[in-house]
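Chemist: Attaching a single structure in structure tokens format; questions to follow.
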Amino acid sequence: MAAAAAVAKSVEAGGEPGGGGGGAWSTVSRSGRSSYSAGGGVGGGKVGELAEGLAGVEIGGERRLDKYDIPVEVSGEDVPPPADGFEAAGLVEAVLRNVARCGYESPTPVQRYSMPIALAGRDLMACAQTGSGKTAAFCLPVVSGLVAAGGSGIGHRERSSFNRAAAKPRALVLAPTRELAAQINEEAKKFSFQTGLRVVVAYGGTPMYNQLRDLERGADILVATPGRLVDMVERSKVSLEAIKYLVMDEADRMLDMGFEPQIRKIVERMNMPRKSVRQTMLFSATFPPEIQRLASDFLSNYIFITVGRVGSSTDLIMQKVELLSDGEKRGYLLDLLQRQSVGVANSKLQQPLTLVFVETKREADSLRYWLYSKGFPATAIHGDRTQQERESALRSFKTGLTPIMVATDVASRGLDVPNVAHVINYDLPKSIEDYVHRIGRTGRAGKAGSATAFFTESDHSLAKGLLELMTEAKQDVPDWLVQYAERPYYGGSSYGGRNRRSGGGGNRFAGRDFRQGSGGGYSGGGGGGGYSGGGGGGGYSGGGGGYSGGGRGGGYSRGGRGGYSGGGGGGGGDPYRASAPPPRYYPSYPMGTADINASGWD
């Protein structure tokens, strides 16, 4: 890459010409990563201010992005062709140097298609697999565009009434959770290093004072959660009138979490430029039709891209599903972790990072302490922990100090921990989409990973979706899962996810541009593909909707193994009640189930 020589030169010099000197990039030999540390020469000016927020941020090394040779569908009018590389995309030189510093050698498909569209000033809706590089796909063109436009220097700001400082960011990135906002903030800082741009993050769950101090120094790029941003705008600490770029990441998650009123208030009633003036980009792993229709209120003549099958899981993840009772989960988890530890000890490698998902906050804390008592250092992250506790838990997990993290769904989307080797669904989620996002914490950016799910009788509604996903990803499917998938389920649809607002049928993952008669677009695998000028909508259409019905008509109960017990709730009996699941046999555990349940951790 042409920027590589410039990077080497600037690293040796400990700074860049015109950048104020100061910090330096260094390579850590054990991990192959680079990190920035603020040197003694950082005393002020643009780089001095910027370096304060960047000190200690770790930059990922080579990410094996060439493995992303997956199909891409594009629909819309006058679609720019995909870029073969970062330089071909048209990024400015300062951003190219930062791309090289991060060790990115070639763009992923979502980056290859999104960057030319964004740099051309077009509105964009992008659907891509978890871990496919969505964050860089919008951060890179936004930073490049702001640098090319010049303007405010470090942190655009103005004085409002009563001499209070009001930040006037030129780019706004909305994210559903604190963790995702913090991650995007880190990425944006890496890509805007020594460009003169100032990046600020604002989210709830933590005192506002420090965030207000950051904003008073100005912000070119503001990354925020909707609730905290509304609060800051109403306090006259932020003005949205200068917004040139609006990005919504995990847009479906924000709407499902109930942020629609805040988002509409931000976009429509807080003095933000009209959609014909600003540029708007929406990124997510799923876009059901009703969310596409809602999002279209914020977009103008947009281009829709789908990278891979929306809602699918990457084939870099080896998936296993184990049939268990609730009482067997802890014993099987312990056995799984012990076998994993033995393999690591024999190979003298570092303990792999393992993410364990549970349903409740109470179970997260309980399981964490229980694992510690069994000799497995673990931490936990969930909504009841303070922001400081959550950040400390993530830091401890990322560094490997506690290589096991027990989490609720607060950590299931958007978080980028580069080296998660194993995701364990101790409790399965309620929808296939959430399952996909959970296991997407591993197998990221071209790296292989493993995912294990503990399936109980209460997870019957997920059987068909799991079967389809595992079959599509060419995984080994156990016979008992096929049997479960073939039985009708009378508890309502499991394929639309939670809180879906449309009735019946439709696409399971809805990765298709709902606009009719869209113009032609590009279609290809990974690197490019040919141009098709048809009128179709692009994207993929999944299967039909799931089963619907009355209340649950009973469930299986564990006596020995299997056996059907007709339960309360309307809906009638299961016509397949005679087909009990086949018996399973488990390895012997250091501690029996009875001992586990008697240990006081349940």
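Cβ from N, Cα, C; glycine included.
In case it helps, Swiss-Prot gives these features for our protein:
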type	residues	note
REGION	9-31	region 'Disordered'
COMPBIAS	15-24	compositional bias 'Gly residues'
MOTIF	84-112	motif 'Q motif'
DOMAIN	115-305	domain 'Helicase ATP-binding'
BINDING	Ala128, Gln129, Thr130, Gly131, Ser132, Gly133, Lys134, Thr135	ATP binding site
MOTIF	249-252	motif 'DEAD box'
DOMAIN	328-485	domain 'Helicase C-terminal'
REGION	492-521	region 'Disordered'
COMPBIAS	552-574	compositional bias 'Gly residues'
REGION	552-602	region 'Disordered'
Chemist: Which of the three DSSP states, helix, strand or coil, fits Thr135 (ATP binding site)?
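Modeler: Thr135 (ATP binding site) sits in a helix per DSSP.
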Chemist: I'd like the Cβ neighbour count for Lys134 (ATP binding site), meaning other Cβ atoms within 10 Å of its Cβ, all protein chains included.
Modeler: 26
Chemist: So for Ser132 (ATP binding site), how many other CB atoms are inside 10 Å of its CB?
Modeler: 26
